[in-house]
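Here the structure is laid out as structure tokens; the discussion comes afterwards.
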């Protein structure tokens, strides 16, 4: 009983945090089920009406195309990031050479680079390459800014793998590629899942590069396409909430089914620094 009383403040804080973080999502769903007229009559009433009109209208406004663009560019970028980061992290964590630490610091220094400082150079570069206003213009920045944190996580995780496994593989005749493919990579699954989910969530919600590099409606990603619900003099709030609800579903599903692997991978990557 005494122990429960001691934990009571923690329970109260946890409950308050749950309300603070959960209420906006509940309000978003509730508002998405209201008509515009009903929303202005009762803006703060929760689940006072049930209408799927907003969900129908968001698909009529092209939300499906925005979904496809976001899924395509996010998946392609994440696959490339996982492949490159895994290959780069292996020598940085398992091999000893003079520039080992210098290269590692050079890679992770990208985490401190402000995105906004690169917008004009990247804008000019995409124009000169002829990929401006195409979905391909987003791949370069997405990959470049996802690699530093990915290399950091994978490098730290690889350092925790016992050297004895690598030495045993060498005795069996494996070269560096064989060791990486048969020994290191299978043990890297939690960290790779962390990299996949972390970057997918980040790229799914990315807005600034899409705003600068994309102008045609058919090439817009989901965060950029949500601006369609913002008129010159008014905002279709129920429609916007319906679009946000649909946009949140993939992220919620992915995270709910893999949150343990994310925590495990991040914890493994934070053991050594």
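The backbone N, Cα and C atoms fix where each Cβ goes, glycine too.
TrEMBL has this to say about the protein:
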type: TRANSMEM; residues: 12-30; note: transmembrane segment
type: TRANSMEM; residues: 66-90; note: transmembrane segment
type: DOMAIN; residues: 67-258; note: domain 'ABC transmembrane type-1'
type: TRANSMEM; residues: 102-123; note: transmembrane segment
type: TRANSMEM; residues: 135-158; note: transmembrane segment
type: TRANSMEM; residues: 179-201; note: transmembrane segment
type: TRANSMEM; residues: 238-257; note: transmembrane segment
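Between the transmembrane segment (238-257) and the transmembrane segment (12-30), three or more CB pairs separated by 6 or more residues in sequence fall under 8 Å, so the two stretches touch.
Sequence-distant neighbours of the transmembrane segment (135-158) (same chain, 6+ residues past either end, Cβ-Cβ under 8 Å): 69, 72-74, 76-78, 80-82, 84-86, 88-90, 92-94, 104, 107-111, 113, 115, 118, 122, 125-126, 184, 188, 190-192, 194-195, 198-199, 202-203, 206, 209-210, 213-214, 219, 221, 265-266, 268-273.
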